[in-house]
Structure formats: C-alpha cells, structure tokens
Amino acid sequence: MLFADVVRTSEAVRATRSRKTKVAALAELLRAAESAELAPVVAWLSGELRQGRIGTGWRTLTGVRVPPALDAALEVATVDAIFDELAAVSGAGSGNRRKELLTRLWSAATEPEQEFLLRLLTGELRQGALTALVAEAVAAAADVPVEQVRRAYMLSGQLPVTAEAALRGGAAALAEFRLEVGRPIQPMLAAPGASLEEAMTEFGGEVSVEHKLDGARIQVHRDGDRIAVFTRTLRDITAGVPELVELVARLDCTSVVLDGETLALTDAGRPRPFQETMSRFATADPARAAEVDLPPGTPVVPPVSSTRELLLHPYFFDCLHLDGRDLLDAPLSERRAALLAVVGEHAIPALIRPEPEAAAEYFDGALAAGHEGLMVKSLSAPYAAGRRGRSWQKIKPTHTLDLLVLGAEWGYGRRTGYLSNLHLGARDPRTGEPVMVGKTFKGLTDALLAWQTAEFPRHERARDEHTVYLWPELVVEIALDGVQVSPRYPGGVALRFARVVRYRPDKTPDQADTIDTVRGLLP
C-alpha cells in the first residue's frame with residue numbers, strides 16, 4: 001500500500017463532519033491494507049506510532065528542510081521501517097543519525113506526505129479519526145460487532161493489535177482477548193455528579209464513598225518478580241518510580257493488577273500541587289520530557305534519588321486481578337474486598353454504605369485535607385474498562401469538566417499580544433467532532449498566557465484577524481458554576497462562569513468530556 005493512500009484517507013476524514021462517511025472511508029482503507037500494514041496504518045490514523053516515542057521532537061523535525069518529492073512512491077512498509085530505525089537510535093551521535101533518517105524519509109515524501117508526517121511525529125495529527133472512530137472502522141472492515149472490537153481494545157490497550165486480530169480472525173479472534181498481567185488496559189473513567197445526595201440516591205445507598213485525590217492515575221501490574229507501572233495513557237514509567245515498584249514487590253501476592261492514584265505529599269501529609277506530581281512522570285521518561293512542551297506549573301525536576309520530598313505515595317482504589325483470578329466483571333464490593341486483602345493501608349480511604357450525614361461529613365473532611373472532593377461508586381457495578389459511566393461519579397464543591405481547546409482570541413488591555421479568550425468544546429460521541437460550549441479567559445495567569453501564545457500555533461488549523469482556530473488536541477480542566485440552555489452554541493448549552501483550572505497533558509482528546517455530560521449538568 002502506498003503511504004499516499006493513508007494521507008488521502010486522512011484528509012478525506014478531516015474534510016467531512018459525517019461520522020458515517022468517516023467510518024466508511026477508514027474501513028475501505030483497512031480492507032485494502034495487507035496484513036503486515038494494518039498495525040502501522042491503524043496507529044497512524046489514530047494519531048500515534050506503532051513504535052511509541054522515537055526521540056524526534058519539534059525542533060528536530062522543523063530543522064529538516066528538504067524539497068518534497070514530485071511523485072508519490074513511498075510505501076507504508078518503508079515509512080514504518082524508518083520509524084523502527086528511529087526508535088532504535090541511541091548513544092553517541094544519535095542526533096545526527098536521526099537527522100539522516102528523517103532527511104531520507106522527507107526526501108521521498110510529497111508535500112502532502114511531508115505535512116502528514118510532521119503532524120504525526122509531533123503528536124498533532126487529530127482528524128476526527130480518534131480511537132473510538134477507528135475502532136468503528138475496524139468493526140466495519142472486519143464485519144464484526146463494534147462492541148467486540150471495543151472490549152478487545154480495552155483489554156489489549158492497543159488498537160493496532162486489536163485491528164490485526166479482527167481482520168485476520170474475526171469475532172473468534174476478538175473473543176480470545178483476556179486481561180493479561182503486564183499488559184495495561186484502558187482505565188475506567190468517572191462522570192461528574194450533580195451532588196453527593198443525588199449520587200447516593202441514584203445507587204440506593206449501595207455505594208463506596210472515597211476521597212477524590214488530586215493525583216496522577218496509575219495502573220500497576222505484578223507477575224511474580226516482574227512489576228510494571230503505567231500512566232492513564234498506558235505509558236510505561238516503571239523505571240522512573242522505584243518507590244512504587246518497591247512497595248508493590250512487598251505485597252503478599254503472586255500476581256495482581258491494581259488501579260489507583262499517586263501523589264507527592266508535604267511533610268505534613270497534605271497533597272502537593274498536581275503539577276509537582278506530574279513533574280515526576282516527566283522525569284520517569286527523559287525522552288518524553290524532551291519531546292513534550294508542558295504547560296507552566298509542570299516543571300521537570302530532578303529524579304527521586306536526589307529529591308526526597310517528591311517521593312510518590314500510592315493510593316489504590318481497585319483490584320482487577322489477584323493471584324490468577326480476573327475481577328473485571330466482578331462487582332465493586334468483591335473487588336474492594338480483594339483490594340483490602342492485598343494492599344491494606346495503601347487502599348484509598350472509603351465509607352461503605354454510609355448514612356447521608358456521615359457522607360456529608362466525609363466530604364467536608366476530604367476538602368479540609370486538601371483533596372478535590374469525593375468519588376461515589378456503585379458497589380454492584382463491574383469495572384467498565386475504557387468507559388466513562390454513571391457507576392462512578394465525581395463530586396466536587398464546584399463542577400469541573402475536561403474540555404477541548406478549539407481556538408483562542410487575541411487579548412486586549414494587559415493581555416494585548418497574547419492568545420487569551422479560549423473557545424471550549426466537548427466531544428460529540430456520535431460524530432467524534434467537538435461541539436463548542438463556551439469561552440473564557442478567567443483563571444489564565446501571565447505564565448499560561450505566554451505558554452498559550454507560544455504553543456497554540458503548533459496546533460493551528462486556521463486564523464482570522466481576531467482568532468487562532470486549533471485542532472482539538474489540547475485538554476483543559478475548566479471549573480464552572482453550572483450550565484444553561486443557550487441557542488448561541490450548536491450543542492444548545494453554555495457554560496456558566498467558566499474558569500481555567502489547569503491544562504491536562506496527561507489526558508488525550510478522546511478522554512475529554514462529552515456534550516452529553518455537559519447537558520447532564522442542566523438544572
């Protein structure tokens with residue numbers, strides 16, 4: 001298959017708002033791909049690389065200035081092979097070797113192919129063909145139910161692997177996917193709850209009420225002496241968090257998969273700012289730290305060996321596997337019992353089936369301790385990997401949403417010369433496209449204004465005199481007092497008193513909240 005076929009399909013997907021048309025175009029391309037081409041093609045269409053990170057940052061890529069090829073002759077296999085070579089480069093002279101490989105690739109690429117490669121390698125390839133959309137295309141190409149593809153993907157954590165199985169072996173191959181210790185799965189996500197009282201009533205009081213920590217999500221796998229720690233986005237950070245590895249090694253079990261959060265604490269035992277915890281994740285992967293321009297407030301700090309105060313403390317809230325037994329489909333009550341049996345004091349504090357008054361006091365106590373609020377979880381619900389559902393609800397003193405930045409307006413007054421007023425959007429789960437729900441410049445510090453002005457042009461899709469419009473690639477956490485019906489925006493709702501809390505570099509665009517979630521906050 002020619003690389004140009006992938007580029008043309010990507011452009012066609014970007015050019016239409018019809019989800020049906022997007023899926024059809026992607027499925028047609030997948031059917032045409034050879035077996036060995038499926039993994040890279042699926043990865044690229046999802047805006048990723050089969051090899052993961054390959055050490056090519058923005059400065060390296062923009063330094064490659066080669067005239068484009070006139071004819072489209074590059075093949076998918078050739079591009080993927082060069083990515084393999086780039087991923088293997090290390091040691092002395094690695095910078096020059098990467099430049100040689102990139103120059104070879106760029107020389108063989110046409111202008112549209114060069115543009116695609118630049119956006120792919122800088123993580124800016126967002127075309128509406130996010131993983132959920134590509135998963136639908138895989139199902140269509142393989143003629144299997146999309147739910148089977150989604151479940152297999154949740155368990156494999158890798159859509160290219162899932163696609164290969166679907167197109168080679170159909171439904172039977174997808175049914176073979178199981179939770180595998182050592183292979184991360186997509187984490188279960190929570191939906192915003194209207195209030196503590198309503199969340200408890202919805203589940204008839206059969207709930208676990210837990211502290212909602214302002215930490216970083218982790219998933220820990222142990223199989224005998226082999227231990228791995230993964231982030232929310234399934235990135236392996238094992239080498240950078242030795243204190244977590246040592247703790248898990250001491251647990252009284254043979255095999256276990258744990259879900260939880262980790263955070264840095266002050267000497268008084270209070271949580272440090274989220275950005276400080278995230279800085280440890282950056283140092284857990286120096287290559288990643290070099291490639292990613294993190295928002296202000298996310299400093300790259302020395303590793304734990306030289307910064308004792310930034311030791312990470314884990315708090316586990318779910319057990320997905322224990323000593324040979326998978327627990328994904330077990331109710332939370334059963335998973336919680338297994339969790340307490342294996343991690344003991346390292347389980348997150350919780351009240352089980354509390355009275356409303358006790359839950360309210362617990363809420364106040366969580367806030368006083370410096371936490372974000374509470375999680376209310378149904379004790380009867382299974383672990384819905386990769387999904388954001390009502391069986392987990394997050395309760396905060398003010399509502400927060402994770403939204404996509406769709407654009408920014410040039411500021412005036414003290415903000416003159418800076419990209420300021422943000423255009424905010426939620427995901428439409430039916431089309432995969434963002435839906436604008438409001439604007440805000442509230443909460444933007446001088447440092448964030450400067451960062452936005454430098455960073456946003458990397459994500460630019462268009463501009464006019466007043467506004468720079470962005471591809472929906474950046475996730476920002478927004479606090480709000482509520483939502484209201486509004487004919488001004490296409491989704492029919494608008495945010496009330498929205499303000500920026502922080503950017504979320506730990507979240508991908510398909511983990512942003514949906515327009516349905518926003519509408520669910522209507523009074």
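Each residue, glycine too, has its Cβ placed from N, Cα and C.
According to Swiss-Prot, the protein has these features:
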- Lys212: active site, N6-AMP-lysine intermediate (ACT_SITE)
- Glu210, Arg217, Arg232, Glu261, Phe317, Arg388, Lys394: ATP binding site (BINDING)
In sequence order, what residues of the same chain, 6+ apart, have a Cβ less than 8 Å from the Cβ of Glu261 (ATP binding site)?
Leu213, Gly215, Ala216, Arg217, Ile218, Pro314, Tyr315, Phe317, Ile348
Same-chain residues at least 6 apart in sequence whose Cβ lies under 8 Å from Lys394 (ATP binding site):
Ala190, Ala191, Pro192, Gly193, Lys212, Glu372, Gly373, Leu374, Met375
Which residues of the same chain, at least 6 positions away in sequence, have a Cβ lying under 8 Å from the Cβ of Glu210 (ATP binding site)?
Phe317, Ile348, Pro349, Ala350, Leu351, Leu374, Met375, Lys377
Please identify, from the binding-site residues Arg217, Arg388, the residue with the sparsest Cβ neighbourhood, meaning fewest other Cβ atoms within 10 angstroms.
Arg217
Checking the spread of the ATP site as listed (Glu210, Arg217, Arg232, Glu261, Phe317, Arg388, Lys394): what is the longest Cα-Cα distance, in whole Å?
19
